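The structure under discussion appears below in the form of structure tokens.
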Amino acid sequence: MQIIRNRFMVNHIPRFGFKYMSDSTFLNEEHLQIQKAALDFAKEKMLPYSAEWDKKHHFPKDVLRELAAMGFSTIYVKQESGGVGLDRLTASVIFEALSYGDVTTTAYLTIQNMCAYMVDQFGNEEQKKTWIPRFGTFDAFASYCLTEPNSGSDSKNMKTFAKKDGNDYVINGSKCFISGGSVSDVYLLMCKTSEKDVSCILVEKGTPGLSFGKLEDKMGWNASPTAMVLFDNVRVPQSNLLGKEGNGFKMAMSALDGGRINIASCSLGGASFAFDLAKDYLHDRKQFGQPLAAFQGLQFKFADMATNLVTSRLIVRQAAQMIDNSHPDKTLYSAMAKRYATDSCFNVANEALQLHGGYGYLREYQVERIVRDLRVHQILEGTNEIMKVIISRNLLK
């Protein structure tokens, strides 16, 4: 029993790993080379430390800066703007591979990429020159501020307001569940600029009137800080407006298609790790004189896990490719992919925990952390219930 216990504690790396992640559907040789680089980094620089980061609530800025040096913080920012200029499919492959090492750190990396994308797509030349190089090195950490205490799914009902005063905006309101809150250097704020219009304004840390709530004590994502962001007569120049006034909601929705693929990709990576842990355990753990892998009931459960993992990967990659091709149904398929993959991958991780029995419930083992980290993916970037609303409206219109 002690042999089993030692093998599956926090430093265990599955010996059967990466088989299902290496599915090359939709991928060319460049994709596969980038995937290998990301996987190698995840195995060496993330996976051995992810349990400690979770336990100590440590935000690994140094690791994020190493990822930035590989070009992974501005993946789909145009090259002429200072980014890497890759496509959404490549980004999905990278985020899946890195999440095998640590879901939470990779999820924050997706937010940095989304903020960089928004500045690239909608910012003026001065904003691009100021922020994209800093995002690209993690000299500046970024947060995306949309959700409020009383407007989650109903984002159009936000109350945070920016009122013009001379050449400035004066901002009042609050945002909640903000990844990087209190740590990030700049906040991409979605707020009202009139009773009907939503705009995006850049607010730098240290601006008078900007403050933060306590760090939230979360179920998962413990390696990334989350806090409320509070605005009390925060004054910023109108030159901090990103894009055109009144275009904020449109900008947010355009970013969310890709954001949904990103978070679904993180679910794939985490579920792949849980799947590989379960495979090792089924071979090594014996009951009634034989390995668990010899029991047909567990074989069937494992077959379902593999099927759900592979089908999730296929729909995520298809949706990513549709974004790359500006397909008219990209929003529909992004919602489908996010709903299906985050639900299915959570279930894969949960079943992996079940296959471990009581050991799966112990924090010294790794599978319970994956369950905790993947659970929130069914909520953020639009709840999976809202994904069903988007899907049904698109199909029935």
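Cβ coordinates come from backbone N, Cα and C, glycine included.
Here's what TrEMBL has on this protein:
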| type | residues | note |
| --- | --- | --- |
| DOMAIN | 28-135 | domain 'Acyl-CoA dehydrogenase/oxidase N-terminal' |
| DOMAIN | 144-234 | domain 'Acyl-CoA oxidase/dehydrogenase middle' |
| DOMAIN | 246-396 | domain 'Acyl-CoA dehydrogenase/oxidase C-terminal' |
Counts of helix, strand and coil residues, the domain 'Acyl-CoA oxidase/dehydrogenase middle' (144-234), according to DSSP: 3 helix, 47 strand, 41 coil
For the domain 'Acyl-CoA dehydrogenase/oxidase N-terminal' (28-135), the number of residues DSSP places in helix, strand and coil: 82 helix, 0 strand, 26 coil
Rounded mean pLDDT for the residues that make up the domain 'Acyl-CoA dehydrogenase/oxidase C-terminal' (246-396): 96
